[in-house]
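> Grabbed the feature section from TrEMBL, which reads as follows:
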REGION    121-145  region 'Disordered'
DOMAIN    218-472  domain 'P-type ATPase C-terminal'
TRANSMEM  252-270  transmembrane segment
TRANSMEM  282-302  transmembrane segment
TRANSMEM  332-355  transmembrane segment
TRANSMEM  367-387  transmembrane segment
TRANSMEM  445-473  transmembrane segment
REGION    483-509  region 'Disordered'
REGION    528-552  region 'Disordered'
COMPBIAS  535-544  compositional bias 'Basic and acidic residues'
Amino acid sequence: MIGATAIEDKLQDGVPETIAKLAKADIKIWVLTGDKKETAENIGYSCQLLTDDMKIHYGEDVNQQLMERQGKRRNDPQGRNKKVKEPFIKEPGKNALVITGGWLNEILYEKKKKRRRLRLKKLGKRHTNPSNPQESSQPVDDWEKEKRQEDFVDMACECTAVICCRVTPKQKANVVSLVKKYKRAVTLSIGDGANDVNMIKTADIGVGISGQEGMQAVMSSDYAFAQFCYLERLLLVHGRWSYIRMCKFLRYFFYKNFAFTLVHFWFSFFNGFSSQTAYEDWFITLYNVFYSSLPVLLVGLLDQDVNDKLSSRFPKLYLPGQLGSLFNYKTFFISLFHGIFTSLIIFFIPYGAFLQTMGQDGEAPSDYQSFAVVAASSLIITVNLQISLDTSYWTFVNCFAVLGSIALYFGIMFDLHSAGIHVIFPSTFTFTGAASNALRQPYLWLTIILTVGICLLPVICIQFLCQTIWPSVGDQVQRNRKKYEMEDEDEERKKRKPTFQRGGRSRRSAYAFSHSTGYADLISTGRSIRQRPRVRPELRDSIREVPQAENI
């Protein structure tokens with residue numbers, strides 16, 4: 001041997017811990033690699049995707065189950081309209097599936113055109129040889145092909161881990177598309193080489209790792225970082241925070257607009273459906289621009305229920321995002337009914353207060369403009385305090401946004417209702433002196449306080465009951481936040497004093513190569529791996545007799 005070269009293909013730091021955390025968050029992890037089966041299994045054991053207590057199923061083992069399911073569907077006349085709920089893998093415990101690209105071709109049917117034509121010819125003569133399982137496993141039409149692909153996805157999802165080895169870049173993309181098609185799941189693909197570009201582009205979220213294999217994966221991805229362990233923070237911390245912020249933003253956005261708009265609907269029953277607005281025109285213009293936009297915008301940018309350390313420590317906090325429990329049709333209708341309730345209170349309590357009212361000067365401030373000022377003031381205070389109840393992470397900016405929005409409303413309102421701006425634009429600003437005349441009455445201030453209190457009191461009671469009687473995982477973590485923070489500090493102190501522990505789990509190599517015997521002896525001995533042609537048994541005697549005859 002003159003020389004040899006080798007490439008170090010060692011796992012990055014933190015890969016086993018990251019995969020273990022993602023698995024606890026009920027995230028299905030599939031490994032799609034071009035390495036051979038032995039190398040792929042070793043990678044799975046190295047990153048703790050495969051463990052010693054798992055039962056590994058190979059493609060040849062589960063092929064019979066797929067064929068039986070396909071045969072039952074063919075024999076059942078109602079098989080096209082009935083979905084079989086029987087599981088493929090009936091053994092209890094953890095299971096893993098290891099398949100190869102060649103076996104995956106039978107599922108994806110990526111054959112050459114010549115082979116496909118030959119197969120179709122065989123299918124035309126299938127009735128002459130019905131006992132052949134290879135022919136009976138081939139699909140008759142596109143529906144049966146899709147059903148077999150769906151069976152494969154269902155079977156793979158029953159396993160804790162799935163490893164696809166010897167797959168091409170196109171097959172990687174096809175596997176991702178199958179999961180998206182039949183499971184309607186949000187998929188994330190992560191890779192570091194050019195052979196992962198198709199997979200990264202096919203997935204909903206593409207992540208590229210900038211490593212030794214170039215920048216092709218990084219240039220084609222949505223997110224890019226240098227270490228695989230950063231995926232834990234991307235999903236369990238920033239991804240979960242982003243989902244919570246988005247859901248709170250949408251729920252509050254619908255609520256505040258329902259509460260604002262439906263007041264006009266109730267007011268139309270008392271103005272003869274004359275399309276007269278319940279508020280001042282300038283208030284309608286500035287409501288979503290200045291009066292109620294900044295607090296919800298900051299919640300959508302800064303809010304977080306627990307800090308990043310607790311988010312990584314408790315992966316179960318990621319489950320509400322997978323289930324879509326924070327924003328769905330149920331939460332939408334809850335926001336709708338909440339907005340309807342708030343609009344009823346904001347309209348009818350000031351309306352009842354203005355029916356028989358006497359001010360301090362002996363005059364009744366029961367005019368339309370005073371009613372509009374009281375209703376608008378109640379609405380602004382209610383919606384800004386409501387977003388305060390939904391805020392989990394308070395900063396100085398949040399406090400300034402809530403109090404500043406209310407102060408900005410009163411400041412702009414007094415300016416628009418002043419006599420000076422009315423002199424300049426008499427036809428545009430018609431509520432001259434309405435704010436100062438209405439808000440100097442203590443009776444109307446009590447009306448505003450009563451309206452706001454009735455709107456917020458049921459929300460406070462419901463939140464208290466939910467967090468006390470039916471607390472979620474996030475509520476429990478928030479309740480014991482200080483205890484967990486003290487435990488984290490103690491663990492950090494212990495890490496400073498390293499201790500050696502014997503035993504534990506089985507130690508495996510972190511290198512991604514196969515431990516089976518290779519072909520190094522062929523290089524050193526000079527032998528060829530080409531197989532010699534086999535000789536038929538009846539010719540062996542004649543061959544042996546030839547040299548004897550020559551010697552004679």
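Numbers here mean position along the shown chain, with the first residue as 1.
Cβ atoms here come from the backbone N, Cα and C positions, even for glycine.
All annotation found in TrEMBL is predicted automatically rather than curated by experts.
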> Which whole number is the mean pLDDT over the domain 'P-type ATPase C-terminal' (218-472)?
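PLDDT averaged over the stretch: 90.
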> Same chain, outside the transmembrane segment (332-355) by at least 6, Cβ under 8 Å from its Cβ: which residues?
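Sequence-remote neighbours of the transmembrane segment (332-355) are 251-252, 254-263, 265-267, 270, 278, 365-366, 370-371, 374-375, 378-379, 382, 443-444, 447, 450-451, 454-455, 458-459.
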> Using a Cβ cut-off of under 8 Å, list the residues of the same chain at least 6 residues beyond the transmembrane segment (282-302) that approach it.
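Same-chain residues near the transmembrane segment (282-302) but 6 or more away: 245-246, 248-249, 252-253, 256-257, 260, 372, 376, 380, 383-384, 387-388, 390-391, 393, 395, 397-398, 401-402, 404-405, 408-409, 412-413, 416, 429.
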